[in-house]
Amino acid sequence: MRLFVAVFPPDDVRKDLHRRLTEPADDGGRQSDVTNGYGGPFGAPNDDPSLSPGLPRRHKGGVRLTAVDKWHVTLAFLGEVPAERLPDVERALDAVTVPRGVELRLRGGGQFGRDRSTVLWAAVDGDLGPLHAEVHEKLEAAGLPHDDRDFTPHLTVAYTQDAAVRRALGGYRGPSWTLHEIALVRSDPNEGYTQLRTW
């Protein structure tokens, strides 16, 4: 099974970002572009659309966004893990101290890669570094696979290059939320994401 550990923003946070990316912004041309850094502060409107799988996924420029109900912040990607090792993964995460109450916010954005390998993302403000480090430490101690890339807390919104999305992200400042839990998630190409357990 293909596993990862993640933080899922609450519905209102994802709704706010979705509106930013799908509706024209009345910003007087103040939105900044963004490449691999964070955009400046810019207030974003609130909305209350459904987060159902049928939520529109086209940006106003025609770009297909990732599914809103799957938006998350990855703490660790384990990749393929044999089913018999699932208890080991759960025990490793049992030992993690989740810093509940840490304030987080989606703000600005950036991109990884270029051309066909481009990933556009919303950046995450807030101190997730210690949690990321501890999750990896516990997985490592249990002899479990995990990615070892530098940690850039982010939420992927599109797998394509698009100036309009970059501008919308560049000036974005979403509502804050407090961390309550982390989730162990199974990713299946046919079934999508399944949260196996939370801590």
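A Cβ is built for glycine as well, from the same backbone N, Cα and C atoms used for every other residue.
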TrEMBL lists motif 'HXTX 1' for one of the ranges 72-75, 132-135, 176-179; which is that range?
72-75
Quick check on the annotations: TrEMBL lists motif 'HXTX 2' for one of 62-65, 78-81, 154-157. Which range is it?
154-157
Between HIS72 (active site, proton donor) and HIS154 (active site, proton acceptor): CA-CA distance (Å):
8
